[in-house]
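Please read the structure below before turning to the comments.
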Amino acid sequence: MRASLLLSVLRPAGPVAVGISLGFTLSLLSVTWVEEPCGPGPPQPGDSELPPRGNTNAARRPNSVQPGSERERPGAGAGTGESWEPRVLPYHPAQPGQATKKAVRTRYISTELGIRQKLLVAVLTSQATLPTLGVAVNRTLGHRLEHVVFLTGARGRRTPSGMAVVALGEERPIGHLHLALRHLLEQHGDDFDWFFLVPDATYTEAHGLDRLAGHLSLASATHLYLGRPQDFIGGDTTPGRYCHGGFGVLLSRTLLQQLRPHLESCRNDIVSARPDEWLGRCILDATGVGCTGDHEGMHYNYLELSPGEPVQEGDPRFRSALTAHPVRDPVHMYQLHKAFARAELDRTYQEIQELQWEIQNTSRLAADGERASAWPVGIPAPSRPASRFEVLRWDYFTEQYAFSCADGSPRCPLRGADQADVADVLGTALEELNRRYQPALQLQKQQLVNGYRRFDPARGMEYTLDLQLEALTPQGGRWPLTRRVQLLRPLSRVEILPVPYVTEASRLTVLLPLAAAERDLASGFLEAFATAALEPGDAAALTLLLLYEPRQAQRAAHSDVFAPVKAHVAELERRFPGARVPWLSVQTAAPSPLRLMDLLSKKHPLDTLFLLAGPDTVLTPDFLNRCRMHAISGWQAFFPMHFQAFHPAVAPPQGPGPPELGRDTGHFDRQAASEACFYNSDYVAARGRLVAASEQEEELLESLDVYELFLRFSNLHVLRAVEPALLQRYRAQPCSARLSEDLYHRCRQSVLEGLGSRTQLAMLLFEQEQGNST
């Protein structure tokens with residue numbers, strides 16, 4: 001009874017007692033028991049390396065610091081007796097008002113971390129061979145390797161463009177090489193790991209050299225002197241060999257740094273007739289390193305050309321050689337480059353084929369088996385649409401027609417790039433089929449039954465072809481055959497096209513041809529121009545072209561139809577003192593776009609950037625800047641598509657101001673080309689081609705507009721894109737019967753498409769029919 005009562009009293013205190021006991025136990029286990037001496041004593045000869053005994057035993061924590069006599073300096077050998085003591089740097093806070101000294105940092109983090117680039121190629125050339133062999137080396141090597149420098153003895157009058165040429169001031173071979181080494185050490189010694197010296201009479205295979213430099217490491221090749229080994233001249237019994245300079249020499253940075261203090265003594269003491277032998281003797285005497293042709297399983301392969309030996313593509317020596325020597329002339333250099341490039345291309349195709357086989361074999365081990373690998377191997381799988389609106393459309397075509405046309409017509413003939421694309425796909429399909437079935441069968445194409453193609457942004461252009469074939473056997477048999485073939489033209493590597501530099505600071509001249517019937521719209525255009533250009537001080541000017549009809553021109557002195565427009569222009573010039581808005585008056589009954597543009601072009605310099613606008617155009621700063629960026633002199637003309645609001649009786653009603661950008665409120669007018677951005681020089685060049693290429697200039701001047709002129713008679717890129725910053729309200733645009741047939745058709749098409757969407761027009765007709773039936 002008493003025992004149970006005692007246990008009931010002690011039971012709440014049991015966990016506390018167990019916790020305290022466990023804590024003491026863990027504390028004792030975490031203590032390291034060591035012996036510390038009372039004081040240091042000088043080591044005696046013959047003493048063992050055991051720690052000296054002290055007269056106290058103390059418990060020390062693992063992260064505590066021992067007395068200075070017990071810790072030796074890091075890196076010092078055992079038994080040296082040198083003690084290491086920490087040096088405490090006192091902290092002195094800055095005095096009030098005293099400028100603190102800023103830490104000096106390097107410009108690039110790679111310099112501070114000591115990160116160096118991999119390879120520098122130094123081409124030893126001369127003033128006589130720099131314009132010939134030097135240029136050939138630069139064209140075959142400079143585009144593949146980033147850092148190539150040409151070291152010549154004396155600089156000529158004209159240095160080839162695009163080449164880094166350094167004149168050393170010494171034409172003699174040994175002196176030239178000596179100064180070249182000094183230049184590399186002084187200017188690039190701390191920037192690169194490897195230095196490759198090669199004469200300009202040697203072809204260098206850039207891909208192989210890049211792979212070699214990427215494989216080597218300074219950790220395992222500190223002193224590397226790599227090239228074609230050759231014995232010293234004169235039967236010298238000195239151990240070691242030198243590298244033949246004609247086939248290139250690869251030097252490590254460490255070896256070149258050790259050679260620096262010995263360059264002058266080598267220049268004065270070593271006598272040799274060949275610069276490469278002089279370099280080999282200098283390296284051997286200074287560092288004891290001789291030339292080697294192998295390192296870590298990699299062999300320095302070279303190709304020694306015989307005099308007059310022709311270059312034969314497919315020679316197996318081109319697959320492994322890094323350099324070829326000697327090269328006779330630039331033509332010989334380009335022939336070697338073609339042969340080496342073909343060998344490198346075959347090597348790349350073989351690697352791609354091996355990778356495809358490896359992917360196919362590995363995909364069989366996946367959970368989905370062979371279905372896990374996409375076709376073709378290495379190309380992303382087809383995109384899966386998230387909804388029915390994202391389904392990619394297949395376009396049907398035959399050998400003569402396409403059934404998906406840009407203008408919306410149901411059928412259009414294949415022309416230009418589309419026709420060449422279909423012919424190329426058919427030829428490739430037949431070639432692949434014959435490669436698979438030969439020599440058992442010889443297939444010939446009879447006709448294309450069905451053709452489908454679609455563009456997948458993740459893959460490229462996909463094709464599905466139903467081919468009617470005729471199979472021929474070696475015995476002479478023939479029978480018809482139908483096969484379905486799937487092909488893919490994959491997207492290649494995305495590249496940024498080099499284009500001339502453009503800026504938003506270019507001065508822009510806005511041109512506005514204004515007819516008398518459109519004079520009421522001039523006020524809104526002028527105010528929009530003032531808001532977008534004059535108020536912010538933008539570099540933009542405005543020129544008006546006032547189009548008078550013959551009767552209006554006769555009464556211009558008494559009742560000028562453009563008097564309100566001229567008054568508004570004068571008011572703008574008063575509001576903005578630095579602004580000048582000139583106008584030109586033209587009398588014409590049937591204004592031709594090209595004739596009007598000819599008149600405006602003659603009034604401005606050739607380097608003027610034009611923005612051709614219409615009275616409905618609402619200028620904004622964003623559109624002005626896009627016009628400057630998209631119009632490139634000698635390269636590109638920009639024709640934006642504005643957003644045209646639908647008829648207010650068809651579309652939902654909108655308030656004042658610019659129309660709302662939406663599918664039910666308007667559309668981008670593909671038929672209109674009233675806005676254009678181009679340079680005057682490009683327009684003059686296109687007009688010159690029109691005069692030279694056509695005998696019917698007068699007829700074309702009446703039937704063409706500026707857009708058609710650039711499309712047909714200019715070599716520029718014509719950029720046609722939607723412009724969300726150009727918003728125009730609906731206006732019943734009149735189509736003059738005096739226009740040419742093509743321009744009149746485009747005008748009528750623009751008017752009809754601007755009434756409303758198909759759905760809105762159908763609903764309007766349905767409501768009218770319902771009203772008539774009742």
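Note: Cβ is positioned from N, Cα and C throughout, glycine not excepted.
Feature transmembrane segment, per Swiss-Prot, maps to range 16-34 of the set 16-34, 529-547. Per-residue pLDDT, averaged along the topological domain 'Lumenal' (35-774), amounts to 84 for this model. Asp616 (divalent metal cation binding site) carries neither a helix nor a strand DSSP state and counts as coil. If you draw a 10 Å sphere around the CB of Asp616 (divalent metal cation binding site), it holds 21 other CB atoms from the protein chains shown.
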